[in-house]
Amino acid sequence: MNGTYGATNSNILVKSDVQDSIDQEIDLSIPFKRRRWWRISQKLLYGLGHMYNDLCAAMWFSYMMLFFQAVLEMRAVVAGAMLLLGQVVDALATPVVGVLADKYSTKKIWHLMGCILVSLTFPLLFIRCWNCWPKENLEYLNWWMPLYYAVLITFFQIGWAIVQISHLAIIPSITDNLEIRSELTSIRYMASVISSLAVYFITWIVLRATNYSTFIRPSDDYKFRDVSLIITGIGILSFTTFHILFKLKPHKIPKENGYVGESEEIQPLNFSTKSKIIYFLQMPLLYQTSCLYVFSRLYWALSLVYVPLFLEERLSVNPAEGSELVASVPLVLYLSSLLFSFLLKSNINKIGNQVAYFIGSFLSLISCIWIALAINPEANVAQIYLVATFIGAGSSITLVSSLCVTADLIGPHSHQGALIYSIVTFADKLVTGIAVIAIENYKCDDALSCPQYYRGVLTYACGGSAVLGILSLSITILSSKENKSKPQT
């Protein structure tokens, strides 16, 4: 993928026309200083900026459904509706945030507002609401419990969307170097993996240190409360450090008069905001890139949601394995993800984003086939850990490579970075929510009637996501070849 995606011919001409004057007006040591500035510490600080969101996402996708169903004793379809609500709110908030963040104030101000909103709502999602013991007030809770958590989820997801889009949009606004953009994307994902590892490690410690139980039950509510409060403390510390130490330095690009200006002040496309949105919506590459991102995120999200439920399903057959299995297996999954994201960080530019995405999708598909053929209730626990390794590897590779493709799509349009990221991420949130509610809707009420339901979900839903990702990649490659073969006008 090259850096000209999304660029119009006029943009390329403007850039080339003023290049000679820039070389004369600007000391060539400036780019060198910028790169040296990046090498010191700012890359790591950038990764720290999304850590709180990543901590919340790991807890949200991995344990929200488990908490609602096993602790609060919500019906599966209601718990699924809660997750769908969160994804829909996130999806609707994303494009709004993208437009507003590009138009008003700075990315860091938006980021800070989102972090504050997340801090006020996230801990309450894993604390039992007042008088919410289902066996005592069943009729009352039929409307009160869903309403209470629905309000919290709405505000939490709005805050989460603000942080995600503003943090992603920082990448193209501070550098026009595609190699640095890819490296920042990899560091961002590595920070995400480390955050998720922290969640599973904290959960494992809490489950082991508190009263032991063979499976999760309503009396374990305080364990989820303790984990959410610890995560909140870490998250507040991380985003506070980010805002104090990270210095947002927009990269310099030429203005038409030959002087140098900051990227956030440049408007290469001389259209209105509405025209710019229409311009990007008319690009086929935008939808192809969105599909790559959607299916990589869908595989990742469904794995996070249903691996703990699959393990809880397994514990009903093998209770001796202990409830901490719901933390140790995701922990291995993310250790694998961290390892492969680290390997990918230094090699993605060598092998290319498309090849990397194909490798990740292939590993993801292998894990699903393995679950279908070998992971029955009597299977050895070691096999589960091996499958978790493949899931982590496949998800990390596809996510990083799809985000790198998006950064390439933005190209020189850094001032529209938030908008493009919001368009690309919009569908994934909506699709994930719809997928979860559909899966929960078809789940039988009696667990004995479908004892391996979530094993089937990991096989067919996650496997289908990997297959669709490969198909989307094939279409993208074919479209790119057709565009290259067309004569230039």
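Positions of Cβ are set from backbone N, Cα and C atoms, glycine also.
The shown structure was predicted, so the numbers you read here are calculated from the model rather than taken from an experiment.
What TrEMBL says about this one:
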type	residues	note
TRANSMEM	44-68	transmembrane segment
TRANSMEM	74-97	transmembrane segment
TRANSMEM	109-127	transmembrane segment
TRANSMEM	147-175	transmembrane segment
TRANSMEM	187-207	transmembrane segment
TRANSMEM	227-246	transmembrane segment
TRANSMEM	285-305	transmembrane segment
TRANSMEM	325-344	transmembrane segment
TRANSMEM	356-376	transmembrane segment
TRANSMEM	382-406	transmembrane segment
TRANSMEM	418-438	transmembrane segment
TRANSMEM	458-478	transmembrane segment
Dominant neighbour of the transmembrane segment (458-478) in 109-127, 147-175, 227-246, 285-305, 325-344, by Cβ pairs under 8 Å: 285-305
Considering the transmembrane segment (325-344), which listed stretch of 44-68, 74-97, 109-127, 147-175 counts the most C-beta pairs under 8 Å: 44-68
Closest-packing stretch to the transmembrane segment (285-305), where packing means Cβ pairs under 8 Å, from 109-127, 147-175, 227-246, 356-376, 382-406: 382-406
Among 74-97, 109-127, 147-175, stretch most in contact with the transmembrane segment (227-246) (C-beta, under 8 angstroms): 109-127
Tertiary contacts of the transmembrane segment (109-127), as residues 6+ beyond its ends and Cβ separation under 8 Å: 49, 52-53, 56, 59-60, 63-64, 67, 97, 100-101, 149, 152-153, 155-156, 158-167, 170, 221, 224-225, 227-229, 231-232, 235-236, 239, 242-243
